[in-house]
Amino acid sequence: MVSTHSPLVFMFGILGNIISFVVFLAPIPTFIRVCEKKSTEGFQSVPYVVALFSAMLWLYYATLKSNEILLITANTAGCVVETIYIAIYIAFAPKQARIFTLRLLILMNFGGFCSILLLSHFLAQSETRVRVLGWVCAAFSVSVFAAPLSIMRVVIRTKSVEFMPFYLSLFLTLSSIIWHLYGVLQKDLYVALPNMLGFIFGVLQMVLYMIYKNYKTVIDDEKLSESKADIVNLSMSETKVCSQPNSDEEGSDTQNEHEQKDQDVKTMEASNQGQLSVKCEV
C-alpha cells in the first residue's frame with residue numbers, strides 16, 4: 001500500500017507520523033510523576049479519553065479507505081499510547097475519579113464507538129459509509145481543535161504563558177500543517193479541513209505566547225482559581241476542616257497555601273498538556 005503513494009504524499013505522511021508521535025509522548029513527564037507519587041494530583045482524565053476516542057474514529061475511517069497505511073500507523077500509535085496513559089490514571093486515581101473515568105470509557109469509547117461502527121455498517125454502503133464517517137471524524141476534530149480556546153483565555157486573563165507550553169503548541173501547529181497538506185495532496189477533505197482550523201488556532205497560540213512571554217508569571221490566588229475553573233471541568237470533592245489558627249499555626253498555614261498553589265499550578269499544567277495533546281490525532 002505504501003508504494004502507491006506519490007513520493008510527496010509519502011513524505012508528508014511520514015513527517016505527520018513522526019510529529020504526532022512526539023506529541024503523543026508529551027505527557028510522559030506528567031505520568032512519571034503520577035507513578036512516583038502514586039497520585040494523579042487532581043488532574044483530569046477527560047482529555048486522554050477524548051484523545052483515545054478520536055484516534056479510534058480516525059483508525060476506523062482509515063481502514064475503510066484504500067491506501068491509507070500512514071493514517072493507520074499514526075492513529076494506531078495514538079490508541080496504544082493513550083490507552084497506557086488511561087490505565088496509569090485509573091491505577092492511581094482516587095475512587096471517584098476512577099469511577100468517572102471508567103464510566104466515560106464505557107459511554108464514549110465503547111458505547112459511542114460501537115454505535116457509530118454499527119450504524120455506519122448497516123445504514124450506509126461503500127463510499128457513502130466513508131463519507132458519513134469522514135464527516136463524523138471531521139466534526140469531532142473541529143470540536144477538539146476548539147478546546148485550546150480555554151487555554152488561550154487563561155493566557156489573556158493571567159498575562160502568563162506558563163500554562164501553554166510553547167514547544168507543544170509549535171509541534172501541534174506543525175502537525176496540523178503537515179496533515180493538512182497530506183489531506184490536500186490525497187484529495188481528502190475530511191483530513192484537510194479540520195487540520196486547517198488546527199493550524200489557525202496553533203498560530204494564534206504562538207502569537208499569544210510572543211505577546212505575553214516577557215510578562216511576569218506570578219499569578220494571584222483569584223486569577224489562579226478562575227483559570228483552574230476554566231480548564232479543570234471535573235473537580236474532586238474535598239473535605240476541608242476550618243479552624244481559627246493561632247500564632248504558632250500561621251507559618252504552617254502560609255506554607256500550606258504555597259504548597260496548595262504549587263499543586264494547583266501542576267494540575268493546570270497537566271490538564272492543559274492533556275487538552276493540547278488531544279489535537280495531534282489526524
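Positions of Cβ are set from backbone N, Cα and C atoms, glycine also.
If you check TrEMBL, you get these features:
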COMPBIAS  255-267  compositional bias 'Basic and acidic residues'
REGION    238-282  region 'Disordered'
TRANSMEM  6-26  transmembrane segment
TRANSMEM  46-63  transmembrane segment
TRANSMEM  69-92  transmembrane segment
TRANSMEM  104-124  transmembrane segment
TRANSMEM  130-151  transmembrane segment
TRANSMEM  163-183  transmembrane segment
TRANSMEM  189-212  transmembrane segment
Long-range Cβ neighbours of the transmembrane segment (104-124) (under 8 Å; 6 or more residues past either end): 45-46, 49-50, 52-53, 56-57, 60, 86, 132-133, 136
Maximum Cβ pairs under 8 Å to the transmembrane segment (163-183) - stretch from the list 69-92, 130-151, 189-212: 189-212
